[in-house]
Amino acid sequence: MGKGDPKKPRGKMSSYAFFVQTCREEHKKKHPDASVNFSEFSKKCSERWKTMSAKEKGKFEDMAKADKARYEREMKTYIPPKGETKKKFKDPNAPKRPPSAFFLFCSEYRPKIKGEHPGLSIGDVAKKLGEMWNNTAADDKHPYEKKAAKLKEKYEKDIAAYRAKGKPDAAKKGVVKAEKSKKKKEEEEDEEDEEDEEEEEDEEDEEEEEDDDDE
C-alpha cells in the first residue's frame with residue numbers, strides 16, 4: 001500500500017500523546033546521540049503520567065482540545081482525491097459501533113490487571129486479557145455475549161435510522177418517518193430559504209431528542 005494523501009489533515013492527538021511527545025523532545029535535548037528503547041521509554045512515560053496531578057495534565061488536555069478543533073475544522077474543507085470519495089469525515093454524532101463480548105470483558109478486567117500488575121505494558125495487559133478470555137468457560141462468557149448482542153441490535157437500528165435521516169436518535173421516531181424527512185429535504189434543496197428553515201427545525205428536533213435522552 002502506498003502513502004495516503006499528503007494533503008489530508010494530520011490526525012488529532014490525545015492529551016497523553018502530547019505528553020509523550022514532550023517527553024521525547026526533552027529526552028532528545030538531554031541525550032541527543034542516545035538511542036531510545038521504545039518499550040522502556042513508553043513505560044517510564046506511563047508511570048510519570050499516572051503520578052501527575054490534574055493541574056499538570058491540564059496543559060496537555062488543553063493542547064488536545066485545540067488540536068481536535070483544528071482537525072475538525074480542516075476536515076470540513078478537506079476534499080479527498082478521486083477513489084477516496086467514500087471516505088467522508090466521520091460524523092461525531094453517528095452511532096458508535098457496538099463493542100464485542102471480548103471488549104466488554106476487557107473493560108471489566110483491565111483495571112483489575114493494571115491494579116495487580118502496575119508495571120505491565122499495554123501489550124502485555126492485552127495479552128493477559130486474551131489468555132483470560134480463552135480460559136473463561138462458555139457459561140461465564142454468556143453474559144458478555146448476551147450484552148454484546150443487545151448492543152449490536154440497538155446499533156443496527158440506530159445506524160439504519162441515522163443513514164435514512166442523518167441523525168443518530170432517529171430510531172425513536174421510526175425509520176419510516178426518517179425516510180419521509182429525507183425525501184422532504186431533497187425536494188427543498190433547490191430553495192435556499194426553505195432549506196434554512198429546515199435546518200432550524202432539525203436543530204430544534206435534536207434539542208428535543210437530547211432532552212428525551214437526558215430523561
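Cβ coordinates come from backbone N, Cα and C, glycine included.
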Among CYS23, CYS106, find the residue that Swiss-Prot gives as the disulfide bond partner of CYS45. CYS23
Candidate set THR51, THR85, residue annotated phosphothreonine in Swiss-Prot: THR51
Across the DNA-binding region (9-79), DSSP yields 54 helix, 0 strand, 17 coil
For the DNA-binding region (95-163), give the DSSP counts of helix residues, strand residues and coil residues. 55 helix, 0 strand, 14 coil
Sequence gap of 6 or more, Cβ distance under 8 Å: name the residues on the same chain that satisfy this around CYS23 (cysteine sulfonic acid (-SO3H)), in order along the sequence. PHE41, LYS44, CYS45, ARG48
Just give me the nearest neighbour of LYS7 (heparin binding site) among the modified residues THR51, SER100, LYS127, Cα to Cα. SER100
Cβ neighbour count (10 Å, all chains) around SER100 (phosphoserine) is 14
